[in-house]
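Student: Just dropping this structure here.
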Amino acid sequence: MNLNKQVAIVTGGASGFGAAIARRLSQAGAAVLVADLNAEGAQRMATELNAAGGRALGMACDVSKEADYRAVVDAAIAQLGGLHIVVNNAGTTHRNKPALAVTEDEFDRVYRVNLKSVYWSAQCALPHFAQQGHGVMVNVASTTGVRPGPGLTWYSGSKAAMINLTKGLALEFARSGVRINAVNPMIGETPMMADFMGMEDTPANRERFLSRIPLGRFTRPDDVASAVAFLASDDASFLTGVCLDVDGGRNI
């Protein structure tokens, strides 16, 4: 797929799914602004992409804050020459535990990062997309937003809301030439795996979760990156409001 002359923002792009997404978009020809709460990690990823022949910029960003998100959008336009793709990948979870054991602070953090980020991306990026008559947003949701499991109730609710927001925004902005889709990964090999499992990340504990996945493995960062790159490309030009499961059959 060809993303030449496209400029993309990837939030949470310093590690995990986000890093793989940033690499894949860069390999496809897009200039990439890597935004992450970890400023050093964002700069490191941008340096990697530039060294590989891409064009990238790294910035610190708290996606729950308007000023931070707007600064990232403005930087993409001013320093990379435009904005055509926004990937809302930054996210967080509470540790896997009973719903009533989740504290108010944990609840607020999950909803602030997972949902307010979509609000600010819409406020900051969608007017630009609508004005230029085209643009793509891809939200990284979760299979738990479709099929919740015990121990992740509040996290699952945040991802279900993200999926519904994706569809609502897709309807509202379709006539402006803007496509808005989501991907729903299964539990993946990222630094948050222990939190999702609610136990130490060991081979034995992983096996308990693998038994639920028909294809017999966890979601890999490259799986998510491939799905995001497809949805961001013209190969998916007639897809909007789609929530693509990247889960090895978990949601069947």
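Positions of Cβ are set from backbone N, Cα and C atoms, glycine also.
Found this in Swiss-Prot, in case it helps:
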- TYR155: active site, proton acceptor (ACT_SITE)
- 9-36, ASP62, LYS159: NAD(+) binding site (BINDING)
- SER142: substrate binding site (BINDING)
Student: In the three-state scheme derived from DSSP, which category covers ASP62 (NAD(+) binding site)?
Tutor: coil
Student: Hey, how far is ASP62 (NAD(+) binding site) from SER142 (substrate binding site), Cα to Cα, in Å?
Tutor: 21
Student: For SER142 (substrate binding site), just count the other CB atoms lying within 10 A of its CB, please.
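Tutor: Excluding its own Cβ, the number within 10 Å is 31.
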Student: Could you round the CA separation between SER142 (substrate binding site) and ILE21 (NAD(+) binding site) to a whole angstrom and send it over?
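Tutor: So the Cα of ILE21 (NAD(+) binding site) lies 16 Å away from that of SER142 (substrate binding site).
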Student: Between GLY13, GLY29, which of the binding-site residues has the fewest other CB atoms within 10 angstroms in the structure shown?
Tutor: GLY29
Student: Taking the Cβ of ASP62 (NAD(+) binding site) as centre, how many other Cβ atoms lie within 10 Å?
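Tutor: ASP62 (NAD(+) binding site) is surrounded by 19 other Cβ atoms within 10 Å.
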Student: Return the member of PHE17, ILE21, LEU25, GLY29, LEU33 nearest to the residue listed as 'active site, proton acceptor' in space, with distance defined Cα to Cα and candidates limited to these binding-site residues.
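Tutor: Nearest listed residue in space: PHE17.
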Student: Under 8 Å Cβ-Cβ from LEU25 (NAD(+) binding site), six or more apart in the same chain: what's there?
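Tutor: For LEU25 (NAD(+) binding site), the qualifying residues are LEU3, GLN6, ALA8, VAL10, VAL32, ILE85, VAL87, ALA225, VAL228, ALA229, ALA232.
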